[in-house]
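These come from TrEMBL:
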BINDING   A:Glu43, A:Cys62, A:Leu398, A:His450  Mg(2+) binding site
BINDING   A:Cys65, A:Cys444  Ni(2+) binding site
BINDING   A:Cys65, A:Cys447  Fe cation binding site
Amino acid sequence: MSRTITIEPVTRIEGHARITLQLGEDGRLEDARFHLTQFRGFEKFCEGRPYREMPALTARTCGICPVSHIIASNKACDHLLAVDIPPTGEKLRRIMNLAQIVQSHALSFFHLSSPDLLLGWDSDPATRNIFGVMRQNPELARDGIRLRQIGQTIIETLGGKKIHPTWVVPGGVSEPLSAEKRASMLKLLPEGLEIAKRTYAFYKTLAPKFKDEAAHFGTQPTLFLSLVTPQGNLEHYDGVLRVKDAQGRILEDQVPPEEYGHLIGEAVEDFSYMKFPYYKPQGYPQGIYRVGPLARLNNVQACGTPYADVALAEFHMLQDSGPIVSSFHYHYARLVEIIYGLEMIERLLKDPAILDTRVRARARSNRYEGIGVSEAPRGTLMHHYRIDDDGLITWLNLVIATGHNNLAMNQSIREVAEAYVDGNAIEEGMLNRVEAVIRCYDPCLSCASHAFGQMPLAIELRDAAGRVVDRLTR
Amino acid sequence: MDKTLIIGYGSPIRGDDAIGPLAVERLVERGLPAGVEAIARHVLTAELVTELAGRERAIFLDAAAGGEPGTVQVHRLEPDVAAHSTMAHFLDPSELLAWCRQLYGQAPEAYLITATGACFDYAHCQLSPVAEAALERLLEQVARLWGY
């Protein structure tokens, strides 16, 4: 009898989701799916609102990455205004975006994934959590908290509050930076960088233990999409779009973000509220691509800061040649980006022009359509608005970082389940690996699905007719 | 570092859920006694554990859902490792205390004061009349606890 295993909710991710594994008569995997089961509908209820409300409204998509939405949304509004924002305004926005990446990556690595990495996928689930990590390696746990605090403090210093700051506005930022605030942020950075380097060094000693997981956690040959600088280096705020394939060939380059629609199509499936973006030239569902730290590092030659460039070179050596294909190495890439983020924040803060008081361009809307693209912690984030003569939103589309990875996540689940799940003798450690491959992507499902509410983790086993024959919840 | 930390938390745009942050705002306006610090937060996040470390007493202020609207209750909190949440972006106060004890050796004596809300619809920092009345009673309980 064939069966379906359902994992619900998937734990230690942001938001709520379910995984189903369909097993055949012989207990072998036939299909695997990642479901977002709840709906929020920001694209619909924002219609009719003034475009200037969009940064505040869309930021409410998420309590984890509101800054990312604020940045992309304000960039879309800049486009509507048809203005170039003052250079210092842009630099200040960059600092906030990088601080968001630092704190978000810290949460992902230290709190969500470290229980698996430190305690093992097969360890007792009752203690395979942050408390288990605290017992085994309290310094690592304290470092994670401190690093997150540093990122959050920079956001709060700039924006006035940690969550949903309103300092970034269409045309720039609302207030220039004071010398006192600059000094207070600069004071935090040496400690942050020390923690980041220490953690990176520690992870390098740990990574060789995960050869088996690295060989099975999402090793599909996909494309990689990200922003890069015009020179092809790491970029999180602006730049141009690049698409690279698994062999390292650049398929698209120097694509203005406003032309994302030429690269990306969006499909829907009836089993999930998350959209299924795909690379248009290859069609659906063949056009699978990944975004986020792994894709960003695969797509660039250099980060542009000293220590991150050393780490990037080591990252590229994880494989003999070509882009790093295993999604397991998202963890590694996140640590490289934390280092980069802190180094770059320091560089931007030390720029004498950062105290310039001209930080905002003022204009009314001068276009009917605006597109803003930035790199969120989890990948490329796109806000696309259309407005009428009164500046009211008539249509909007949000292409969320986690959504880009949807096809890849589904494929990764299949790969891990094929490697580890024996339908004739299901063990918790097998299922935890299925969850863990999702954690590699650090999905933010509140953003991607616009999900609302709470679901527990469950794994369902279904027969060939789709009937639930067994269910494991926690 | 002040020996008592008050943390009022809740969403400012979900009606009576704003009672925690509004309570902090009211306390600061009226003046805090020496040795007491009060902060408002949307949710309880991991880095708050560093704020708790080294304090003698922590008082959490939150809205409650369910039960008789307007009810104010004081709960003694203990660190609880079993309270760990599956969500990534907010924590339970007992979980925070457990983090604090585990990582910094000790957790402050802690209390949770709740006021049961009547309405959690969208409203920016605007309480229902019953929650507004409960807010004053909640502040009285806070004053009783910080005056130890």
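Placed from the backbone N, Cα and C atoms, the Cβ positions cover glycine too.
All features noted in TrEMBL, drawn onto the structure.
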| residue | record | Cβ neighbours (10 Å) |
| --- | --- | --- |
| A:Glu43 | Mg(2+) binding site | 15 |
| A:Cys62 | Mg(2+) binding site | 24 |
| A:Cys65 | Ni(2+) binding site | 27 |
| A:Leu398 | Mg(2+) binding site | 23 |
| A:Cys444 | Ni(2+) binding site | 29 |
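Separating the Cα atoms of A:Cys62 (Mg(2+) binding site) and A:Cys444 (Ni(2+) binding site) is a whole-number distance of 8 Å. The secondary structure of A:Cys62 (Mg(2+) binding site), as reduced to three states from DSSP, is coil rather than helix or strand. Rounded to a whole number, the C-alpha distance linking A:Leu398 (Mg(2+) binding site) with A:Cys444 (Ni(2+) binding site) is 14 angstrom.
Annotation note: A:Leu398 (Mg(2+) binding site) sits in a strand segment as assigned by DSSP. Under the three-state DSSP scheme, A:Glu43 (Mg(2+) binding site) falls in the helix class.
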